[in-house]
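Novice: In case it's useful when we look at the structure, here is the feature table from Swiss-Prot:
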type	residues	note
ACT_SITE	HIS698	active site, proton donor
BINDING	ARG16, GLU17, MET18, LYS19, LYS115, ARG519, CYS520, TRP565, GLU609	5-methyltetrahydropteroyltri-L-glutamate binding site
BINDING	ILE435, GLY436, SER437, GLU488, ASP603	L-homocysteine binding site
BINDING	ILE435, GLY436, SER437, GLU488, ASP603	L-methionine binding site
BINDING	HIS645, CYS647, GLU669, CYS730	Zn(2+) binding site
Amino acid sequence: MVYAHNLGFPRIGIKREMKKTVEAYWRGEISQQQLQQQAIELQLTNWKIQAEAGVDLIPVGDFSWYDHVLDMAVRVGAIPSRFKALNSNITDTMFCTARGQAPNGIETSACEMTKWFDTNYHYIVPEFTTNQSFELHHDDLFKSTKLALENNYRAKPVILGPLSFLWLGKCKGESFNKLLLLEKLLPVYAEIFEQLSSLGVEWVQVDEPILVLDLPPEWQQAFLTTYQQLNFFNLKCLLATYFGSLDDNLSLTCQLPVDGLHIDYCRAPDQLDSVLSQLPAEKILSVGIVDGRNIWCNDLNRSLTLLENIQSSLGDRLWVAPSCSLLHVPIDLDQENKLDVELKSWFAFAKQKVAEAAFLTRGLREGRESIGAELKKNEEVIISRKTSKRIHNPNVEKKAASVNERLMRRQHEHSIRKNKQTAQLNLPLFPTTTIGSFPQTSKIRCLRRDYKQGKIDDALYEEKIRQEIAEVIGIQVKLGLDVLVHGEPERNDMVEYFGELLDGIAITSNGWVQSYGSRCVKPPIIFGDVSRERPMTLRWIEYAQSLTTKSVKGMLTGPVTILAWSFVRDDQPRSQTAKQIALALRDEVQDLERSGVRVIQIDEPAFRECLPLRKAAWQDYLEWAVKCFRLASCGVKDETQIHTHMCYSEFNDIIEAIAALDADVITIESSRSEMEILKSFEKFAYPNDIGPGIYDIHSPRIPRVAEIEELAVRALQYIPIERLWINPDCGLKTRNWEETKEALSRMVDAAKHLRKAFSSEKTPTIDLELQPAST
């Protein structure tokens, strides 16, 4: 029989219950027992939503208090020794691993965090050593599975596969071949399967998303040997791939001794024919035909026609599902009461997407007539979107068509600009700055909420925001920072803020998705041509600059990041949408410069995450991404200093594209990786200024002055002294004021020590060392 199933459901809860509960636990306001009870309630709610929608096989094990990769590491005992020694409680150990601090007060350096493939979700990077051992260490998956079965759900446990788990981790200390760990790891996986089998589970979903990557031959071979060795203890295994095409890994995937294969049709429709021709006759094919990464409703008529053709070949060996876990979309469109009615009709969130998969499955089982009403209603929606006049703006399209190369070049090369900027800005050696945002207190959030709800008028709102800006400027001046920011109190999110002010973009009320841990974001929805009708940031930056003689940065989010962190229209190339955004930002940049702003930051933290997973597609993306950044940034004079910021990025393979952005200063996230990211600059002489993140803002832990100095000295191995900036890893929005002021004070002290220790006339040698400074 054709089944509807799902790969994973959002964890955060319809009202972000996960976020509120876990943060209460971190603050010591609730017990661990209360924490676990909320986990039970959230999972039961998620299972009920899916079952009522008509999903046959319910994913179990997709819930997490922080991250599913971290959960897998804890489950198999891959816990770094620095956490094992300090925590006896497994839950606190997990939180300490992710945050560098546990609710029991234990502190140490957190594990690295990075992007989950090309999404805006972040995972905690497992750490492996040459003497790594594994053991079954956590029973969370078995408890959840038992709970689902007791509540009469047909549970399909979900785990990250062994090869993807190893691939996503990193060697700590001495480098070695991670595949050597399989011998110790596979028995633990077998133990997991044995326990799931004993509970009466029929199917297990094993996620191996790295099968859509360019894999080295030894990793391809490792798939064959690993899955031949794995003992599933009579469980049926659905091997799940997503985010791209199997491509050259298709043949080996079809040889694996598993019972079913899931493919992502939405991201890689061209692979379908090859999969159908190579899939062994006994295997199930799960077709991910409902987009798990975007919010547009499915064209059910078109999808059903495609599935009917597949069914004619496979019969009951066809399953229907979303393309990937629904972790990447909001939970329930029914919670949106303020969206324009026509726009809302075009969307589908997680609850609606599992219903779409179920509708299609029913159509296959019982014939089109059984879902005739749904098909008719859906067809009306599809036509409405295609013919709506609100999507196209002739003025925007004309402006985009007129873009030429001249608009994407600064007046002179960086060396000339550098001299002019140095004379104008009068900055010291090792200039200090922050990335943009300052702590968003409950007072600020309540102020914005009251303003949006009409409880306070424009005048009072402006007065209160100005007070916040003045306070932030005063704190930075007192701390001794060199280039200041206004703190962004008016912004709820670095992308959503611009989404609210640009035409062609819609904002939801409850469209939250998980970014990392308890951090949730509300991505804008780009539904039509994008344009700027009026200045978006000017009044706040002008006011901030009026309070100080030091330079205050204009703060913008770049075109690629706005694109990456939004749900994007799918009726034109993404590059075209990015160009429209870049033109809107260009107007804003020029307005800021005309007002006297001397430093303008255009953040592109998502620049690398948008890189296609397959290298063959990189050149095309990098070409248009670089052009869009330059289109946004190059309309200014030499004297205006352009900054950009990037995070969670490995630069080795795209360093030339980073240089091609031609930003005067780039700040990058690097502290968690202990400056490893700077190895990119060993063989490539990056020509412009760099500010490698000198402390980790994602952890509440405050670094010692000596630690900051040590990282800066390490950075000087790769960056000439006259080009090195001192700054945090990222924005400070999620930190509290006590942490922020103390950490920045230490950062400024470290910069002062560095200025004393290093001559401004000479570039230091690599082996020059500082004595540890006191804190």
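Glycine too: its Cβ is placed from the backbone N, Cα and C atoms.
Would you situate these features in the structure and describe their surroundings?
Specialist: In the shown protein chains, 22 other C-beta atoms lie within 10 A of the C-beta of HIS698 (active site, proton donor).
Its own atom aside, the Cβ of MET18 (5-methyltetrahydropteroyltri-L-glutamate binding site) has 23 Cβ atoms within 10 angstroms in the protein chains shown.
Every protein chain shown contributes to the tally, and the Cβ of GLU488 (L-homocysteine binding site) ends up with 24 other Cβ atoms within 10 Å.
The DSSP secondary structure for GLU488 (L-homocysteine binding site) is coil.
Within its own chain, HIS645 (Zn(2+) binding site) has ILE435, GLY436, GLN601, ASP603, GLU604, PRO605, ILE666, THR667, ILE668, CYS730 as residues 6 or more apart in sequence whose C-beta sits under 8 angstroms from its own.
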Novice: Going by Cα-Cα distance, pick out whichever of the recorded positions SER437, GLU488, CYS647, HIS698 is nearest to MET18 (5-methyltetrahydropteroyltri-L-glutamate binding site).
Specialist: HIS698
Novice: Can you list the residues of the same chain, besides ILE435, GLY436, SER437, GLU488, ASP603, whose Cβ falls within 8 Å of the L-homocysteine site's Cβ centroid?
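Specialist: Going along the sequence, the neighbours appear as THR434, VAL485, MET494, MET555, GLN601, HIS645, CYS730, GLY731, LYS733.
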Novice: Sorry to bug you, but what's the C-alpha spacing from GLU669 (Zn(2+) binding site) to SER437 (L-homocysteine binding site), rounded to the closest Å?
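Specialist: Checking the Cα atoms of SER437 (L-homocysteine binding site) and GLU669 (Zn(2+) binding site) gives a distance of 15 Å.
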Novice: About how far apart, in whole Å, are the alpha carbons (Cα) of ARG16 (5-methyltetrahydropteroyltri-L-glutamate binding site) and HIS698 (active site, proton donor)?
Specialist: 20
Novice: Counting across all protein chains present, how many other Cβ atoms fall within 10 Å of the Cβ of LYS115 (5-methyltetrahydropteroyltri-L-glutamate binding site)?
Specialist: 21
Novice: Compute the C-alpha separation of GLU488 (L-homocysteine binding site) from HIS698 (active site, proton donor), stating it in Å without decimals.
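Specialist: GLU488 (L-homocysteine binding site) to HIS698 (active site, proton donor), Cα-Cα distance: 18 Å.
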Novice: Could you state the CA-to-CA distance between GLU669 (Zn(2+) binding site) and HIS698 (active site, proton donor) to the nearest Å?
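Specialist: Checking the Cα atoms of GLU669 (Zn(2+) binding site) and HIS698 (active site, proton donor) gives a distance of 11 Å.
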Novice: For MET18 (5-methyltetrahydropteroyltri-L-glutamate binding site), just give me the three-state DSSP call.
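Specialist: SS state of MET18 (5-methyltetrahydropteroyltri-L-glutamate binding site) = helix.
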Novice: Let me make sure I understand the structure: which of the binding-site residues listed (SER437, CYS520, ASP603, CYS647, CYS730) has the fewest other Cβ atoms within 10 A of its Cβ?
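Specialist: Among the binding-site residues SER437, CYS520, ASP603, CYS647, CYS730, the sparsest Cβ neighbourhood within 10 Å belongs to CYS520.
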